[in-house]
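Quick notes on the structure that follows.
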Amino acid sequence: MELTVNLPAREWYVDSAVNNASYWPLDYPPLSGYQSWLCGVALRAAEPAAVALVSSHGYESSSSKTLMRWTVIVADLLIYIPACLVAVAVFYPRPDTPAAGTTTTTTGSGSGASPSSSPTKAPGGSAAGPSTSAGAPAFASAPSFSHSPSFSHSPSFSSASPSSAGAAAARRGRLLALFALLFNPALLLVDHGHFQYNGISLGLTLAAVAAIATGRRLLGSALYVAALNHKHMALFFAPAFFAHLLGWALHDPAHRGAPAKLLAIAKLGVTVILTFALCWAPWLHSREAVLQVLVRIFPVRRGLYEDYVANWWCASSALIKWKSRFPAPLLLRAAAAATLAAAAPAMAHQIAGRRGSAPEEGAGAGASGGGPSRWGLVRCLVNSGFAFYMFSYQVHEKSILMPLLPLTLAAGREPTAAAWLPLLGCFSMFPLLVRDGVGLPYVAVAAVYGAVMAGAALQQARQLQAERRAAPRPGALTRALDAVTGLLLDLWPLLAAAGVVAAAALHAARLLLPAPPHLPWLYDRAFITFSFFGFAAAFCYSQLAQWLEEPGRPGAAVAARQRGARRLKGE
């Protein structure tokens, strides 16, 4: 804020006596600089000394801290929270809306019934998303939760008809997704404890996903570019957006013939270029100015990683001393290759146009019959985010927020994963959070999130598992995955209790037993190694689940839900 309100935009990224790496330089993309300028102007109006050039270094007062905290809260109120509401409205439309249908059962302990496999675009090019009133698309309206039941007291199969049980699952899934997005403990601790503005970039990403899901792909492309130009961590999602939009351009029935396909790709490309040009306008006067910005926001000189991150490079460094054995340029190339290889399967799924779920009865007359589905995009975002987190170069602890965003959006379909992975994300960041003095908030927000999500997620997962067992899917690998996830779900209370006990034991050991003098990093490495194996397991499952989703058949999910309900009712 100090730099942006006191220097012209062209000097924000130029090293000088008052602007260098020795004291909090601007090392985020231009949109983050504009946001810092707005916040700095507001702060200067209230407390000028807080943003005075150079003399504000080290300045701290209770009023300035309060004002800065409020800038994060206001950003969430203006961008992140509305984006969450819109995304939930788009991906979990109310069953009584005209365009709302049902989604086919998918893989995993939490996969399966979710309201509506909404269309993405009509063959004629018009958006055909779910609507809440005539001509009003869901992207433009917030969801209504006023009649939703509480998480853990939805009607059970034993006392409800198949239709009411399905409606209860839909409402519970909607609430799970909204709660997971709004109260993701990792995001709350990073933005409001570590003090960041990740909610802006994540909110813009959610808005982009919602726009694409309702057929507004040019708007979605522009919103994603805005997210990328606010926090370059959004690059984690670039393979997913690229693959999904390319798959749509190649396979949508409206694009008949090569000219139509090329035109669709060209429109997307022009939108991306124009949005970038708008964000980077002050630095486009010379190649040197652009390079100066890039050098600041991509600090490859910092090395493969800095602190303890629960990814492959850091977790395996106990066995292979990557930094000392290999030169930095080679590690940079290796990290890039590993990241692209890890993201490639999910990208191929989207480019091939495979649909995780097809339009179903009640989904609307303009449903697209080809190209990747909106839930396929969400799964691809999870996998792309994990690929970058696990294998890319210079990953920060907070980067786990990227795969957690689409994963929490999918809480209605993957409830157990959305319950435990945000907690594991907090756990992986504990060494960072405790240095920031937010150990007590860490315990509080994690406990609240776990207490609210655990029972509801388990109930939702069991219902989805019952539907899957009532309508088993073909394929040996698919059935094997269903069997394994079913077994894990049966053991879930025991596994969850064991995980909580292990995490509590590690925290207690760190607090009560000092690390040996020759192993000062012992506990930090234990935290990230424990987390790494959890993330790796989730990544492998997510990759398999994306590819094993079968195209939906009209009425398949309804029939599966009714069979599952009747079966459980009979028990």
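Placement of Cβ uses the backbone N, Cα and C atoms for every residue, glycine included.
According to TrEMBL, the region 'Disordered' annotation covers 101-135. Residues or ranges marked as transmembrane segment in TrEMBL: 67-92, 173-190, 202-227, 233-250, 262-283, 440-459, 480-506, 526-544.
Simply put, out of 67-92, 262-283, 480-506, 526-544, 262-283 has the most Cβ pairs sitting under 8 Å from the transmembrane segment (233-250).
Cβ atoms under 8 Å from those of the transmembrane segment (480-506) belong to residues 107-109, 111, 416, 420, 427, 450, 454, 458, 461-462, 465, 468-469, 472-473, 523, 526-527, 530, 541, 544-545, 548 of the same chain, restricted to positions at least 6 beyond its ends. Packing against the transmembrane segment (526-544) from elsewhere in the chain are residues 107-108, 308-312, 314-315, 318, 342, 345-346, 379, 382-383, 386-387, 389-390, 400, 417, 420-421, 424-425, 427-428, 430-431, 477, 481, 485, 502-503, 506: each is 6 or more residues past its ends and has a CB under 8 Å from a CB in it.
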